[in-house]
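Right, one structure below, let's go through it.
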Amino acid sequence: MMLNLVVADGPRQLSAREKAAKLKKSGLSFAQRKALREEEKKNAWKKEQGGITTTIEDRMKRREQDNPPVRPKPYDKPYEKKPYEKKPFEKKPYEKKSYDKPVASKPVEETDEEKYQRLMEGGKRPEKERWVPQRNFRNRRDMEKAGKDQSQDATPKHHDRDVIGTREDGSLIRRIREKTGAKGGIKGTYVSSIFSEKKEDRIAGEDVQMEDEEEEEAENNAESSNAALKDSTTFSGLGCSQRLVDALVGMQLAKPTKIQRATIPRLIQRERDLFVQAQTGSGKTLAFVLPVLERIMSCDDVSRETGLFAVILTPTRELTTQIYSVLETLCRKACPWIVPGIVIGGEKKKSEKARIRKGVNILVATPGRLADHFDNTEALDLSQVRWVVLDEGDRLMELGFEETITKILRTIEWKSVLRGENYLKDIPKNLKPLPSRRVTVLCSATMKGGVTELGKSTLKDADWVSNDSVEDALAETSVETFSAPSQLVQEWVVVPAKLRLVTLLGALRGDILQSSEKTNTKVIVFLSCSDSVDFHFDVLSRDGSQINKMDTAKTAPLLLDDVSTSVYKLHGSLSQQARTATLASFAKNSTPSILLCTDVASRGLDLPKITHVIEYDPPFSIEDHLHRVGRTARAGQDGRALLFLLPGAEEGYVEKLKQSQQMKKTTYENILAAGFGGKGWDFAATNYHLDVERWVLGDETALDRARRGFTSHIRAYATHIAAEKDMFNVRMLHLGHLAKSFALREAPGKLGKKKDPEKIKVNKDGSLDETQARKKMLDRSRKHVYNSGESAMGGYVLE
């Protein structure tokens, strides 16, 4: 639509402003006016282009002008269509495929002598196999089915049995034996056989042969029925999926241990309670973790919201953290949809509740904190719990968790979906691969009375697995029959009290210098009390720098000049955060590392690559000794352990230890010579001890640590069990020489605080008697009051 304005001089083209005003007054809508403007612009553009081609011929001409045809090249040849020639069909010989099966056999002709020789050697009858091609199948199932049917149809109904004793072969053998050899006749004559030729006897012989073949076939079938367990040297042979096997290979765990080979198939294939008794370092953690993960991985649509399937209870926070670390690594590498969780004392309960609220599938916990969550955390759903694992059962009983564990098991049983007659209807279909009943696993290194009672109250119709045979294991009801790993080398040394400190330093330096791989040397030193740990940590790490800003980890520049060494300390008085960080740093450190600790690190912890264990203070029982030395020589690796003893009655302690293990004696002279450089080791050791004494005298904090370490060591020494009081009697100690081992130059009676020390007195039975010291101090204070009053009143005291 064109809008033109007519004037006196004739029509003229309107300007843009005039056109806009005209359109606005026309009464058209905004959309209509916009369409008119667009149409006008389009017509103007077409006019500038010289018009619009309206016919097909014009368009074709313009296309040819824009795209001229390509001129043929001189080397281009026109395409010539050849007539079809029918070729005669040529039948090619069939090539045997891998899936083809023989359908018929043609026996090879042989003479009587050849057949006799073959039967005597036990060979099979040679045959020529004929193969037929298989048709094209849609899938592998049809191919296998067709091959099976074809092979069954092609089996000959009547065939000769190639076994000595049949009708044809037996007669042939008899004829050849009678005709030739030592039993043959003269000049080709026959010697009559003494065996019967009756038909009944011959049939009976054939029946016996058939029975032998049936028994052999049954034995072969019995071996193949458990083919999954035939290769028990690998995790896949035990029933673990390939995802778990790959994750274990990534963790440098390629072969299972003996206890794992006995435990994993039982927990995967059966639904019975299990008691696992094995020595320390045998791999009990993976023995119950892998079956739980394998069964959960077999379920479909499992996520953190599906529910809690397994609860693992441990006695200590460190062991709980260790098991959780193993679980978290396996789940991250093999099954990231399975979520583990951890609840322990010392952590924020609010954070634990948040993790439980999000959902966990496997929960590792200490009994006390878990019982607290049972009472106060409503989001903790226990309806789908299928496994309850009690690790370190003997330690759980020692710490008094029996009542708490009973409460936990009752709560789980009460809230479980597996209760009632119609419980199977309440189980989701995707959880059918899980056990249909709750499975309880009790793991322990020893069989003490408390563990036996715990097993009776928690296990029902349980199997029992041990490293030893069942007959030997049934007799293991005491710690005397409990042995340390065979690859562990144990030594003991008698050291005078005043040489204990320098001998410890010599042993540490010798272990690091003589180790085949100095960078991987890790030593654990066990002491009797936390104050002693703090003192020796300060001695070894003085002038050292902190590691990762931790107060429990420092470098030890004075220990060795040419080797960078790190020193850590660990005891129960530290906070949970400090203990966890210390263990993690000690485990990951690639330089030579020394961990000074109490018995808090002697149970359950699987610290990697511990090469040496030093028992600087004797253990409080033989069981504690076995758990201490069990920190090394784990999972088949080599390890060494050294026990320090004082001269005299303590030497009899070795006879008790030798009842269950082998120990050899060494001398402190050899240890000092190896640690302080051969010749002149006595002067070097003396100079080092004097240097420590000067440092203690010059530092008030170090002096206080030394005093506290000495007094705490005496108190701890008096806590040995009554059966060992004859060997560890406090009254037999030389307190002056023992104070020397703590770099103290004061007499034992002056080791109290400031001017009024508390003297250490011992009863006849070896226990500490503090009442006498308190009485003397009270008398001294009264005497002081009396003297002060007498001087004030001129020598007289008022009544």
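Every residue, even glycine, has its Cβ placed from backbone N, Cα and C.
Range with Swiss-Prot annotation motif 'Q motif', chosen from 233-261, 262-290, 494-522, 697-725, is 233-261. Using DSSP to sort the residues of the motif 'Q motif' (233-261) gives these counts of helix, strand and coil: 16 helix, 0 strand, 13 coil. For Ser282 (ATP binding site), the count of additional Cβ atoms within 10 Å of its Cβ stands at 21 [all protein chains shown]. For the binding-site residues given as Leu308, Ala310, the lowest number of other CB atoms within 10 Å of the residue's CB is seen at Leu308. Over all protein chains present, the Cβ of Ile312 (ATP binding site) has 27 other Cβ atoms lying within 10 Å. Remote same-chain residues near the motif 'Q motif' (233-261) are listed as 268-269, 276, 278, 282-284, 286-287, 290, 293-294, 297, 329-330, 333-335, 465-467, 635-636 (criterion: CB distance under 8 Å, separation of at least six residues from the stretch ends). Take the CB of Thr306 (ATP binding site) and look out to 10 A: across all protein chains shown you find 20 other CB atoms. For Lys284 (ATP binding site), the same-chain residues that are 6 or more apart in sequence and have a Cβ closer than 8 Å to its Cβ are Ile259, Thr263, Val276, Ala278, Asp391, Cys443.
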